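To start, the structure itself, in structure tokens.
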Amino acid sequence: MRPLISMCIWSFLLIISISTCQAVEPLDDGKLRVCVVESRGSYRKAPQFCPLLAATSNIECLIGVDRLDCVRRIQKGTAHFGVLTSEDLVAARWASAEILVASELRSHESPFEYEIVAVVDNSADIHTVHDLHGAKLCHPGYGLDNHWTEVLADVRTGTLNRLTKSTSTLNRTTHLLQYFESALVAKSCNPEITLTEDRIAASARFFGPSCKAGPWVPDRKQDRILKDRYPSLCQMCYDPYSCDDTDKHWGRRGTLYCLTSGGGSVSWARLDDTRSHFGLAGLKAQDDPEKYSYLCPDGHLQPINVTRPCIWVSKPWPVVAARRSHAAQVQRLITGLTHDEPQSWQNALLSLLETYHVFTVPLDNVISIDDYLDQAVGFQSAYSFPECNPPRSIVVCTTSIIEHIKCSWLQEAAHVYGVEPNIQCVRTTNLEQCMDDTRYKSADVLLVNQDQRVQAQRDYKLTPLLFEFAEQMHDRYVTIALVHKDSKYKSFKDLKGARACLPSYEGAAHLSVLETIVNATGSVHSLHSYFNHNSCIWHPHKGRQCPLHYQGDEGAFRCLAEGADVAFLSSDVYKKYLSGNLTSDWLAPGKHLSYRLLCPYGGIERHSRFEYCYLHWAPRGHLMTHNSSQTRHNEIYNSLRDMDHLFGKKYKSETRPFSLYDIFDKRNDILFKDSTDALLSAHELLRDNAKRSMEHVYERYTAQYYDAEGVYDGAHLASDSCFVLVLVAGVLGLLQR
């Protein structure tokens with residue numbers, strides 16, 4: 001009940017915050033603003049066409065970070081129109097955005113981007129959907145990226161008898177990713193296995209030997225375990241053991257080869273691929289179409305050469321969508337756009353709107369999102385699916401309104417693209433409350449930085465799940481040792497008795513120094529015993545009480561500049577100093593050569609891509625979760641990796657649907673760092689070329705390996721002592737009864 005109440009409260013606050021933004025109508029200066037999202041790759045169309053558009057028309061460009069950023073901008077009125085996919089329209093509808101559909105962007109004459117059919121082998125004796133039990137399923141598989149959405153590839157959580165009921169019942173089928181199987185197979189919602197395994201297990205029980213190649217889950221070890229556990233779903237693949245995305249029976253055409261030459265009895269395939277495969281689109285037939293039929297959702301069969309095949313689900317085209325107040329004007333504007341005049345605004349606007357599409361098709365009238373999507377068979381119903389009860393959502397804890405808003409948009413985006421279990425967002429007043437809620441499982445995941453990791457792991461018993469990895473070393477937290485240029489210190493051993501400055505207590509630099517002392521001296525030392533007693537160590541109960549302006553990485557640098565012997569700080573601060581981008585009153589101008597690096601590990605490593613010698617490095621973001629079952633751990637891990645795959649820096653779609661790691665509503669580093677390149681596991685961090693990742697140092701510290709530091713004295717010892725005293729008192733009370 002507590003997490004439900006919390007979610008309701010913060011959802012209410014979120015609605016208020018969004019409504020407040022919407023209430024402020026931007027000034028109407030008579031100009032139309034198109035929201036443009038750049039495509040993948042190095043080519044940038046905005047610099048080429050936006051100046052021409054502004055100079056020759058009343059249309060201006062507004063550059064969106066991603067497509068859902070354009071939805072928000074159109075919703076707020078700062079932009080008037082842009083290009084959205086059918087998935088974006090679903091998210092916009094859920095956000096109650098006042099957006100209408102004006103025109104479609106097509107690459108061929110078909111009324112839909114693609115349509116999906118079920119093809120059966122006539123010799124398999126399949127005459128209705130009831131006969132599919134035990135059938136040999138040929139499935140396009142996973143990891144198809146642009147060719148299908150995950151929602152369209154399968155079909156999940158339905159029952160066989162639903163197909164014989166009314167249309168209203170059929171319309172409650174689930175996500176397109178699971179579409180075919182969902183109409184046939186009921187999931188058990190077994191709490192002992194992940195939702196993904198539940199779906200896989202249900203398919204394995206319902207179908208006979210099948211082929212569903214490709215990565216079932218992002219983690220390779222888990223993928224192997226599942227494929228060994230449910231081998232029947234790989235039995236019809238060309239290579240049943242590998243069962244991966246290189247298999248002959250994987251992919252758009254692979255599912256049809258599995259049917260016609262691999263022994264399958266039913267294939268879930270795109271209509272255009274089916275027609276090509278059977279020689280109905282000008283290509284050589286791969287088999288005799290007379291031997292196969294379309295299986296229709298209502299249970300009857302159609303010949304392959306039928307003019308209008310029965311469709312299970314259709315994917316609508318991308319569209320030009322506009323703010324309700326400007327939709328009719330936008331539709332008139334883009335009707336008849338051509339590339340005939342290269343220097344015209346018409347050519348510039350069309351070039352900005354197009355990706356791989358070649359022509360626009362205006363609708364008869366501008367229509368609502370629901371009316372547009374309802375034209376596509378099965379598309380809307382694929383998003384209306386029953387969840388397990390209780391739901392298995394991954395509760396993400398945030399600490400600010402802007403974080404909560406971004407998290408909520410991520411939730412919508414992940415839902416649209418079929419990530420399961422999906423996330424649910426809650427907000428608390430501070431990080432400590434988030435950690436406490438996660439410890440007691442009111443929340444599942446939170447993000448901490450490199451200096452908050454120890455507190456989360458030791459004091460709240462949380463465990464690291466994934467890490468924000470950045471390719472550039474300066475975007476990680478890299479601890480360096482900085483001394484005065486003319487100082488006597490040549491090695492780390494020389495620093496014994498030196499006056500040292502650290503950014504914080506129990507942060508990444510602190511732990512890195514402890515580990516380096518062990519490596520340099522062969523034994524454990526506390527920082528207070530190793531360095532001068534006037535050092536700034538920031539222990540809450542020991543040593544000198546330093547001025548607060550010496551805290552943080554820039555503070556440690558200032559501490560060195562104002563008389564200390566050595567400072568341990570992040571490399572990015574030193575780089576800013578050398579480049580002249582670090583400006584403060586305490587910095588002496590023009591003295592960049594006043595300091596030098598101390599290299600405890602022998603200078604810059606061979607083959608290192610980093611210009612500095614350093615102690616250790618750590619990711620700047622650590623995704624922490626509670627101690628839970630391996631099953632729960634796996635499904636949280638895999639859902640977050642799926643989101644990274646869909647919305648991270650290595651997204652596969654033509655334009656980015658949503659950005660995990662980028663500016664959000666003109667704010668930097670919201671929820672995740674903008675500089676993050678991917679979410680990686682601890683094992684993957686070790687594969688990086690840069691030596692001395694800190695993960696083992698965090699583990700050692702929380703396990704009291706550096707016990708000379710007195711980690712559990714002071715505040716921590718007092719807290720633990722209170723717990724022990726209460727426990728002893730309770731035991732004595734029981735003994736006296």
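Every residue gets a Cβ built from N, Cα and C, even glycine.
Annotation comment: TrEMBL describes 1-23 as signal peptide.
Here TrEMBL flags 32-384 (among others) as domain 'Transferrin-like'.
The Cβ neighbour count for Cys70 (disulfide bond), using a 10 Å radius over every protein chain in view, is 27. Per TrEMBL, disulfide bond is recorded for Cys35-Cys70 (among others).
Less than 8 angstroms from the CB of Tyr114 (Fe(3+) binding site) sit Arg270, Leu271, Asp272, Ser314, Lys315, each of them six or more residues away in the same chain. Annotation source TrEMBL lists Fe(3+) binding site at Tyr114, Tyr477.
If you look up TrEMBL, you'll see Cys138-Cys258 (among others) marked as disulfide bond. Within 10 Å of the Cβ of Cys138 (disulfide bond) there are 30 other Cβ atoms, across all protein chains.
Its Cβ taken as reference, Cys237 (disulfide bond) is surrounded by 28 other Cβ atoms within 10 Å in the chains shown. Under the heading disulfide bond, TrEMBL lists Cys211-Cys237 (among others).
Counting every protein chain shown, 17 other Cβ atoms lie within 10 Å of the Cβ of Cys310 (disulfide bond). Annotation comment: TrEMBL describes Cys296-Cys310 (among others) as disulfide bond.
Positions annotated as domain 'Transferrin-like' by TrEMBL: 394-698 (among others). A mean pLDDT of 94 is what the model gives for the domain 'Transferrin-like' (394-698).
Annotation for Cys397 (disulfide bond): same-chain Cβ neighbours under 8 Å, separated by at least 6 residues, are Val426, Arg427, Thr428, Cys434, Asp437, Thr438, Ala443, Val445, Leu446. Among the features that TrEMBL reports, disulfide bond is placed at Cys397-Cys434 (among others).
Cβ neighbour count for Cys407 (disulfide bond): 21 (other Cβ atoms within 10 Å of its Cβ, all protein chains included). If you look up TrEMBL, you'll see Cys407-Cys425 (among others) marked as disulfide bond.
The disulfide bond feature in TrEMBL is assigned to Cys501-Cys559 (among others). Sequence-distant neighbours of Cys501 (disulfide bond): residues of the same chain at least 6 apart with a C-beta under 8 Å from its C-beta are Ser535, Cys536, Tyr550, Gly555, Ala556, Phe557, Cys559, Leu560, Ala564, Val566, Ala567, Phe568, Leu569.
Annotation comment: TrEMBL describes Ala509 as hydrogencarbonate binding site.
Look at TrEMBL and you will find Cys599-Cys613 (among others) tagged as disulfide bond.
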Most crowded position, judged by CB atoms within 10 A, among Cys35, Cys296, Cys613 as disulfide-bonded residues: Cys35
Distance, Cys296 (disulfide bond) to Cys599 (disulfide bond) (CA atoms, angstrom): 71
Proximal residue to Cys425 (disulfide bond) among disulfide-bonded residues Cys211, Cys258, Cys310 (C-alpha distance): Cys211
Residue, out of the disulfide-bonded residues Cys559, Cys599, whose Cβ gathers the largest set of other Cβ atoms within 10 Å: Cys559
